[in-house]
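Visitor: This structure is in structure tokens; I'll ask about it shortly.
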Amino acid sequence: MFCSITKEPVQDPVISKKTGHLYEKRIILKYLEENHKCPITGEEMSEDDLIELKTGTSTLAGKPRPPTATSIPSLLTLFQNEWDSVMLETYQLKQQYQKVRQELSHALYQHDAACRVIARLTKERNEAREALLNLQQTLKTQAPVEDTEMTDASNGIGMTPEIIENMSNTSNALSKVRRKRKPGPEIATHDDVKSFSNKIEIPSLHSTNPSGILSVDILDNTISGKKVTWALTGGKDGHINIIDYENDGNIIQNEKAHSKKINQVQWYTKQDKMPGAFFTASADKTVKLWNCDASSDDNTISNQYTFKGHSAEITGLSIHATGDYFASASIDSTWSLVDLATSQLIVKVAKDDIESGFSCAQFHPDGLIYATGTNDDQIRIWDVKSANNVASFSARNEHVGKITSISFAENGYHLASCADNESIIRIWDLRKLKNVYNIEFEDPSTEGLQAVSFDPSAQYLACACGGDIRVYLIKQWTELCHLSGHSDNITSMCWGTNSKSLASVGMDRSLRFYGI
């Protein structure tokens, strides 16, 4: 049966009652929808005039073949066309495959060439560095040790192989000990720290105009056969005080050390070289090394030498783990590394994008990393051997204001920091180079947080907020104790032997000791 319209076999046949013509149902229905007439005779016709025909229900019946497939020649033509299409597609795929192979081969060649160029440049760089070091060693003139003044005549003698080896050996030795070290029975327990209270108060230190103590450090050692328990303070008046804090708080020395305020003081702990020595860093652009003769009755102090390596106020001072070098950081946006044995400047480091100056600085306990805080919210980590800035913490998304204090933990990977005009202590993980925890204060002072300090056992963190101190347990960051007593902002803190005491100074001119 063939449709009267298409002249092709029908699948769903219908017949007209009026004309008797046979149609394909879908085609006649569409035609009637538009014309309402019989396509053959032109008579009026509707869907009701159509009668469906039954053609059987055999499952073998399939779709009728098109006229082009009703003969062997037609079928051969269809097969030929299909074969041609398959072959064309295969050819196109081969072309694409070949193109991808060529692109991959070219990329591998470029990568191999780049690796060879990098290897050659690295070799040339290393040879140039070695030649430069040899030239510096040949041309350098060493200043005599007894010279009492060091000046910034150049950018330093450079990091010699001997200095790098000394630092690396010290770092490796300390790292091995640090990984195995566990708090001994002599270290203050968590319950000990919880029981801290105000044990000693020494008021009215330094001058009232200008008023305030800016730094403190503790020495608990034997010097020249004499047991000493001394606290060293530096004030806004440019004076240093040495106080025997376990002997009624007697002031054993009061010396005008600088012409301007002293921002930091630190005992020199390598006592086998210079017992009783200490450093002071000041706004008068100098760092001074002093020696206190504990064997004399009056504990005479004398200035050993002065470092004048900066053009502005010095805000950071840190002694290297070897005990052979110290670093100073300044508002002039530079930091310097100095050799104590020769009194020579090793390197003076500046970076073009640092314009606001450094506000604080500290060496990592292993000595190969140096951290600096700036007046515009930046914390920068420096590789000491290369003097390169290897990491920077994005301050504008973190701290707000000048970085007032930073402190490395003895575990080697925690760094704590605080800033002006904010109420958050931020804990950084040096392994991940990111902020991993924040300690927020609900009642910060108007000047923000001024001091943070990890203890020597890598268990506790002390934070100064206004005139109060809070001590936290590292890793859990839970508060162990809350200490008060200062009537004005605390500016500096220092842990005592075995973490069993904590010293603090502030703008109220008092020195306080908290302990068991």
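Cβ coordinates are placed from backbone N, Cα and C, and glycine is handled just like the others.
So TrEMBL says this about it:
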- 1-74: domain 'U-box' (DOMAIN)
- 255-300: repeat 'WD' (REPEAT)
- 307-348: repeat 'WD' (REPEAT)
- 363-392: repeat 'WD' (REPEAT)
- 396-438: repeat 'WD' (REPEAT)
- 483-516: repeat 'WD' (REPEAT)
Visitor: Using a Cβ cut-off under 8 Å, which residues of the same chain at least 6 positions beyond either end of the repeat 'WD' (363-392) come close to it?
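Guide: For the repeat 'WD' (363-392), the sequence-distant neighbours (Cβ-Cβ under 8 Å, at least 6 residues beyond its ends) are 159, 164, 167-168, 170-171, 174-175, 178, 316, 318-322, 327, 329, 331, 335, 337, 347, 349, 351, 354-357, 398-406, 408, 410, 412, 415, 417, 419, 428, 430, 433.
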Visitor: Who are the chain neighbours of the repeat 'WD' (396-438) in space, where the CB to CB distance is under 8 Å and they lie at least 6 residues beyond its ends?
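Guide: Residues packing against the repeat 'WD' (396-438) from afar: 175, 178, 359-366, 369, 371-379, 381, 444, 447-458, 461, 463, 465, 474, 477.
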Visitor: Kindly report the helix/strand/coil residue split of the repeat 'WD' (255-300) according to DSSP, in that order.
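Guide: When I sort the residues of the repeat 'WD' (255-300) into the three classes, I find 0 helix, 20 strand, 26 coil.
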Visitor: Short question: which residues 6 or more past the ends of the repeat 'WD' (483-516) have a Cβ under 8 Å from it?
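Guide: Residues 186-188, 192-193, 195-206, 208, 211-218, 220, 231, 233, 235, 243, 245, 249, 445, 447, 450-451, 453, 455-457, 459-460, 462, 464-471 contact the repeat 'WD' (483-516) from elsewhere in the chain.
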Visitor: Work out, from DSSP, the number of helix, strand and coil residues along the repeat 'WD' (483-516).
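Guide: Going by DSSP assignments, the repeat 'WD' (483-516) contains 3 helix, 18 strand, 13 coil.
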Visitor: I'm checking region-level scores; what's the whole-number mean pLDDT for the repeat 'WD' (307-348)?
Guide: 93
